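Asker: Can you keep this structure in mind? I'll have questions shortly.
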Amino acid sequence: MVDAVVPTFEVRSAVVHVLLHLLLFRLSCAVVVLDGNLTAIGDGIPSPNYRLGNNSFTVSAPFYVVPADDHRHYTLESTPTSSKIVIVDFKLAGAANRWADACQAVSCSGVMFINGAANQMHSYYAYTFRLTSPTPFTNVPIVVIDLTQTPAFLATIASPRAVYLRIRSGDFNEAQFQDENKPAIWWSKILTLVLCLFSLLSCAIQLTRFLFDSEWRVRAIPLVPAIVIFLETLASSFRGLHALNTTLLKTRGLSMGFTLYAELACMAFNYLSVGAVSYAAYESLTASEPPSLKRKLAMTIGLSFLGVLFIADQAQIIITAVTLTDLMDSTYLSLLYLLCDIAASFAFIIFGGRLAKQLHSTTTKLSSGERARREQFSRRVRLSGWMGFLVALTLILFAIFNSTSFDALNTLYWMIQDAFTLAGLVHVWAFRPRQSAVDKFLKWSRFRSTQIGPPDNSKGAPIPGPSTSKQRTSFGSKG
């Protein structure tokens, strides 16, 4: 993509005319480095302007690179920046509206972001806050240079000949182009929204099944299923709101801060759910064994690590959402999450297999309902392990395309959300309550009779797992 001049010759062929139009549509937005005679140094560099900002400008002016220390508070000094195009690092401070305000205060000529990271969607979508009207949020010219193009740009402006920059608006913005011309991406978001709605419905059904016994009496909900249902409800709520906002509401329905929080925080809740299911599987597997300090210590360390990781992640996401400033590179936290996901996936497959083996080898008396609950739990723990590998695969692909293809990255992001939602559904349905009037109300009795057997009223000897009288965790609830 280079700075282009529209040819003046007549285009005779309609096909050629269409192709040329599409080409210029993609080439019309670029930044060019100029020498003192306003002669271009090298080729133009792609630089989409902000969709909801100034969409019509051509500016040639001297440039000024803003020091890193001035990024944190979005401050510009008037002496070095007045009537100049200021160059700021998106990775350090990416709130376009705050830079626009700072630029207007010192009468600079425009703002140019470098290091526009594709994994930070707002650098391309360029929505900085909720808009209730189509009025641009600023008249300051603002453009963004992609992360992959930044080194070439910095090398060009380092030349002694480099004096001016020319930035111009254009028709092409990658995010807008995808939204309006690539139905597959739009429908991938709709799929995520539908899955989230189904997940929320599943959470509601499971909650009521655990809450009411066969006579509609309220009963206590076991701790671990309650935690899992709560966490998956949070995850699907934030994920669904983000999908709704980026499709039907065209990213105008929610504030920028809330959007930044919703698009990342939902995954952290899923990981906590993974920890809760891991604990339930571990407790069930070791319930009939003598207490082991080593095993208990290992589980405590693992859950504590996940908890600390969750708190750190939430802190940096909240600060980013409130200040619209990236506190830190989330790549490292994402890597830790990926390692946790892979470890949990292996553990789920192993735990699930051992639970199934334990059920077939146990000599302890089990009621048909209790056996059905435990068999379901073991199967779905193993399935959760395989779903975890699917999540890990999408995360790895996301890292590979992190700064190479926005198109692939955007698609992979929603694939990750789908994988998390499906894994969450497995977690929610891994736990089966005892007989509930909700099942009869939903006309599931016939189906459940083939799955569970007769009502679970037996009071046999203590059995391995969480349904003993001295419960540590529970697949089901008393009732």
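In case you wondered, yes, glycine gets a Cβ from its N, Cα and C as well.
Automatic prediction, not curation, is the source of TrEMBL annotations.
The signal peptide annotation in TrEMBL covers 1-30. If you look up TrEMBL, you'll see 186-208, 220-238, 258-282, 303-324, 336-356, 383-401, 413-431 marked as transmembrane segment. Here TrEMBL flags 452-479 as region 'Disordered'. As annotated by TrEMBL, compositional bias 'Polar residues' applies to 466-479.
So where do these features actually land, and what's packed around them?
Answerer: Residues 121-122, 127, 224, 227-228, 231-232, 234-236, 238-239, 241-242, 245, 251, 295, 299, 302-303, 306-307, 309-310, 313-314, 317-318, 320-321, 324, 330, 337, 340-341, 344, 347-348, 351-352, 355, 377, 381, 384, 388, 413, 416-417, 420, 423-424, 427, 430-431, 466, 473, 475 of the same chain sit 6 or more residues outside the transmembrane segment (258-282) yet have a Cβ under 8 Å from a Cβ within it.
Outside the transmembrane segment (336-356), and at least 6 residues removed from its termini, the chain residues within Cβ reach (under 8 Å) are 267-268, 271, 274-275, 277-278, 281-282, 284-285, 305-306, 309, 313, 374-375, 377-389, 391-392, 395-396.
Within the chain, the transmembrane segment (413-431) has long-range Cβ neighbours (under 8 A, six or more residues past its boundaries) at 121, 185, 188-189, 191-192, 195-196, 198-199, 202-203, 206, 210, 222, 224-225, 228-229, 232, 235-236, 239, 243, 263, 266-267, 270, 273-274, 276-277, 280, 373, 376-377, 380-381, 383-384, 387-388, 390-391, 394-395, 398, 474-476.
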Asker: Are there residues at least 6 beyond the ends of the transmembrane segment (303-324) whose Cβ is under 8 Å from a Cβ of it, and what are they?
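Answerer: Same-chain contacts beyond the ends: 94-95, 97-98, 128, 256-258, 260-261, 264-265, 268, 271-272, 274-275, 278-279, 330, 333, 336-337, 340.
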Asker: Can you tell me which parts of the same chain pack against the transmembrane segment (186-208), counting only residues 6+ beyond its ends and a CB-CB cutoff under 8 A?
Answerer: 179, 221, 225, 229, 232-233, 236-237, 239-240, 243-244, 246-247, 411, 414-415, 417-418, 421-422, 424-425, 428-429, 431, 433, 436, 438, 442
